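Visitor: First the structure, then my questions, so here it is.
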Amino acid sequence: MQPPPQPQGAMATGAAILTVPCSVGRRPKRSSQRRGSGSASLSVRASSDANTVTLLDYGAGNVRSVRNAIRHLGFGIRDVRSPEDILAADRLVFPGVGAFGSAMDVLNSTGMADALREYVQMDRPFLGICLGLQLLFDSSEENGPVSGLGLIPGVVRRFDSSKGLIVPHIGWNALEITKDTQLLQGADGHHVYFVHSYHALPSDANRDWISSICNYGDSFISSISMGNIQAVQFHPEKSGDTGLSILKNFLSANSSGAKVPARRKASKLAKRVIACLDVRSNDNGDLVVTKGDQYDVRDHTSSKEVRNLGKPVDLASQYYIDGADEVSFLNITGFRDFPLGDLPMLEVLRCASEKVFVPLTVGGGIRDFTDANGRYYSSLEVASEYFRSGADKISIGSDAVYAAEAFLQTGVKTGKSSLEQISRVYGNQAVVVSIDPRRVYVNSPEDVPFKTVKVSSKGPSGEEYAWYQCTVSGGRDSRPIGAYELAKAVEELGAGEILLNCIDCDGQGCGFDIDLVKMVSDAVTIPVIASSGAGAVEHFSEVFEKTNASAALAAGIFHRKEVPILAVKEHLVDAGVEVRV
């Protein structure tokens, strides 16, 4: 198994696309001849299969989700294997992953650039997703400046986190339609899913290209449309019903626009509600969803059996229907000695991605390892297999703790840790670090060399302060590092998001640890997901109102149907919290 080509810097986006390198002016010409090239024009007759879509997949990232969305809508897929395949297409979709510069390198080195130019000049439909929109502009500041395709005037810039803006921009944000197009018909004021650190700014020079904008700190371009060129910064394949309707509008040549379910008008970035599924084998060898009580997943009965709360794919599919903004799988089963031998978990991802059109995260066992035959596998190879199986993000736990400890001791980024390897290739927005701390009470901040907080409730001996000691191996082993120090270190090493658990609150149903969540979410400029302790709808509004958490995750209350996802979102709406409904 070979990992995708490594970009030389952080990626601009999550699942991005390669799109048309049009070399002529600001608009494609209707011509069968390439301009600006002395070589002969490629000539291939277009396919007449109206139900087949041509897909350019160069082997990086979670392209399976795009494939599944296209197939879900009733269309077949023809893969590009040569430049001639591009010219034979009726409709072209470009999914993939890469940095701005390396994406341009791939287009040129594979010979696809000229074919793409000719394809656009012959006035055939194509759709770009995420990085594909950015490549159309003059240049990008990502590891640059790097020249783009020069089709649209403007420079792609990184979001400015210096004033407290959380970067990457991850989550469901509102579209504001500025041009009447078939692609976005019915999507005005709806939330769609974004995951990117770089963005294109609207200007007088590119005004005619813009079909929608979105606001995150400043207004940025969320989609463009001009002639046959259509591109979106968001991910329609991960944007639920709204995203599927947008894809259908592109795929159905004679469509008058798919209907999007009516809902409350979106206005800004929504807080996310995430359903988490702890997956492991039970004593009979079946893969089940379970739930721990302070990380103990066995019933407190004479049987001591692993709690079985349902089948992973069935539950994930139901949570998607119920309105979960993301679904997270945590693999706590017994495949840790050979992660790539974990075929059941990989199959769970493949099957779930056929039914769940919101982001999927998977964690557990993603690290370097050597099998029984002495064959070494890098964490990048392991993560690549999860991405190919349908994961949009991977979550790293214990391995990130060890990497952070080494970094804090030496101050040196080796580039060899799983966190650094995976974020370098797939981008930091694809890497979540899961932090599993437990509370340690102290009388004074001077008692420990770690960041402390003045706790809302005093400790057992009247202590007014606490620090949060991180653990590894599923909470079994404590480490000499605090949650604050770990969060700061992993952000520096390339994490794009933090999943913040709390062993003390896990399974207790008494609410999130607000002191912990506030401390960490105030310390970093990447999104923080609050986890552990939710037992009522009020706990979700509390964590969003009192901290800078971008999302809140729950498991047991959803599995046991104690608190439905819809009830959480209705409560958040009543509390004035922006959510995707």
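Note that Cβ sites are derived from N, Cα and C of the backbone, with glycine treated the same way.
In case it helps, TrEMBL gives these features for our protein:
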{"type": "ACT_SITE", "residues": "CYS130", "note": "active site, for GATase activity"}
{"type": "ACT_SITE", "residues": "HIS235", "note": "active site, for GATase activity"}
{"type": "ACT_SITE", "residues": "GLU237", "note": "active site, for GATase activity"}
{"type": "ACT_SITE", "residues": "ASP278", "note": "active site"}
{"type": "ACT_SITE", "residues": "ASP436", "note": "active site"}
{"type": "BINDING", "residues": "CYS130", "note": "L-glutamine binding site"}
{"type": "BINDING", "residues": "GLY365, ASN501", "note": "substrate binding site"}
{"type": "DOMAIN", "residues": "55-251", "note": "domain 'Glutamine amidotransferase'"}
Visitor: If you measure C-alpha to C-alpha, which of HIS235, GLU237, ASP278, GLY365, ASP436, ASN501 (recorded positions) come within 10 angstroms of CYS130 (active site, for GATase activity)?
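Guide: Of everything listed, what lies within 10 Å of CYS130 (active site, for GATase activity) (Cα to Cα) is HIS235.
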Visitor: Closest of the recorded positions to ASP436 (active site), Cα to Cα, picking from HIS235, GLU237, ASN501?
Guide: ASN501
Visitor: Counting across all protein chains shown, how many other Cβ atoms sit within 10 Å of the Cβ of ASP278 (active site)?
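Guide: Excluding its own Cβ, ASP278 (active site) sees 24 Cβ atoms within 10 Å.
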Visitor: Report, in whole Å, the straight Cα-to-Cα distance of ASP278 (active site) from ASN501 (substrate binding site).
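Guide: Counting only the Cα atoms, the answer is 13 Å.
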Visitor: Which one is it: of the recorded positions HIS235, GLU237, GLY365, whose Cα lies the shortest distance from the Cα of ASP278 (active site)?
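Guide: Nearest candidate: GLY365.
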Visitor: Determine the mean pLDDT over the domain 'Glutamine amidotransferase' (55-251), rounding to the nearest whole number.
Guide: 89
Visitor: Just to verify a number: CA distance, HIS235 (active site, for GATase activity) to GLY365 (substrate binding site), in angstrom, no decimals.
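Guide: That comes out at 27 Å between the alpha carbons.
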Visitor: Between GLU237 (active site, for GATase activity) and GLY365 (substrate binding site), what is the CA-CA distance rounded to a whole number of Å?
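Guide: GLU237 (active site, for GATase activity) and GLY365 (substrate binding site) have their Cα atoms 27 Å apart.
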